[in-house]
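Undergrad: Questions regarding the structure given below will be posed in turn.
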Amino acid sequence: MLKIQDFEFVKVVGVGAFGKVHLVRLKSSPTSVFAMKMLDFGEILRQRLADQLENEISILKRIYGCPFVAKLYSTDFHGGKVGLIMEYVGGGELFYWLKKCGRFDEQMARFYAAEIISALRFIHGRGILYRDLKPENILITSTGHIKLIDFGFSVYESENIYMISGTPEYMSPEKLRSEDDGRASDYWGLGVMIYEMLCGDPPFYDSSADAIYHKILESNVVFPHYVSPVARCLITGLLDKNRATRLGTKGICEIMGHPFFKGIDWHEVESRRIEPPFIPNPNTVLSSLASSGELKGTDDAETVVLKPYKHIKHLYKVSKGL
């Protein structure tokens, strides 16, 4: 089992509410790099979020092997911090590339939407609701495909959820009404994502969370003139405020069969054999080190064979000694 001490810390690549995400290098195999999320477990306990962390780790184990989800390889506890050792995905956030481009054309948006749908199909097939679909939670691999990250708000489908959680712009009407949100809420998030990819901003954007919530519950989607009729039809179906009639109610295949995806070979999508619209430039660290043959990422590369850690209950046992 991998330990935190088995890694050399290279640089910080992200900062969150409870810790940092580091780019790390395996000491025994210096050409292999990973992402390590280091969380302050004491703060997690104070915020009463230990159950949420335990749940996230459990879910990442359940969906291990999904080609569109960043893998969790191992967990460790050291010095009052929990380390989640994960697949490093070096192409940056979809959010970054979207803001850099302003908006995507339909071909580009269709590619990413198809891979997101394939990810949701896998996740839902394992009885899990993602519940936080947004461009910041989608990373691009070195070969141009997507990887979903951050399953902190995800839940098992069998659980009853009556709480508001997530990012305001992407919340579904039923979630705002504190109703039990199921797969339909993920399909709502997909609709928001597709709109944002095509238009540059979410459909219900405003300066305050309350104003956003009001628009989600009361306003209709307004499309720029350049959005095609078939794209409007797809987005309108996904952003149906009535989840009982929302596109996808009859199953995710209803979305996959929409004319917007005409010509898409879903088997090719799921096997990642469709050519991505672009290949991202590696970040500065990977670029400088990889050019000398010193470093390569774990995304899309069989560098080290690891198994996900199976005994996550140790977090609770260790916490008693804090």
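Backbone N, Cα and C atoms are what each Cβ position is placed from, and that goes for glycine too.
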Undergrad: Which of these, Lys3, Lys27, Lys37, does Swiss-Prot say binds ATP at the same site as Val13, Gly14, Val15, Gly16, Ala17, Phe18, Gly19, Lys20, Val21?
TA: Lys37
Undergrad: Rounded to a whole angstrom, what is the C-alpha distance between Val15 (ATP binding site) and Asp132 (active site, proton acceptor)?
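TA: So the Cα of Asp132 (active site, proton acceptor) lies 18 Å away from that of Val15 (ATP binding site).
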Undergrad: If you measure every Cα to Cα distance among Val13, Gly14, Val15, Gly16, Ala17, Phe18, Gly19, Lys20, Val21, Lys37, the residues said to bind ATP, what is the biggest one in Å?
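TA: Across Val13, Gly14, Val15, Gly16, Ala17, Phe18, Gly19, Lys20, Val21, Lys37, the widest Cα separation comes out at 14 Å.
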Undergrad: Just going by other Cβ atoms within 10 Å, which of the binding-site residues Val13, Val15, Ala17, Val21 has the emptiest spot?
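TA: Per-residue Cβ counts within 10 Å for the binding-site residues Val13, Val15, Ala17, Val21 bottom out at Val15.
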Undergrad: What is the total of other Cβ atoms whose distance to the Cβ of Asp132 (active site, proton acceptor) is within 10 Å?
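TA: The Cβ of Asp132 (active site, proton acceptor) has 21 Cβ neighbours within 10 Å.
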Undergrad: Could you tell me the C-alpha distance between Val13 (ATP binding site) and Asp132 (active site, proton acceptor) in angstrom, no decimals?
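TA: Val13 (ATP binding site) and Asp132 (active site, proton acceptor) have their Cα atoms 21 Å apart.
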Undergrad: Counting only residues 6+ away in sequence within the same chain, which have a CB under 8 Å from the CB of Gly19 (ATP binding site)?
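TA: Within the chain, Gly19 (ATP binding site) has Cβ neighbours under 8 Å at Lys37, Met38, Leu39, Asp40, Lys81.
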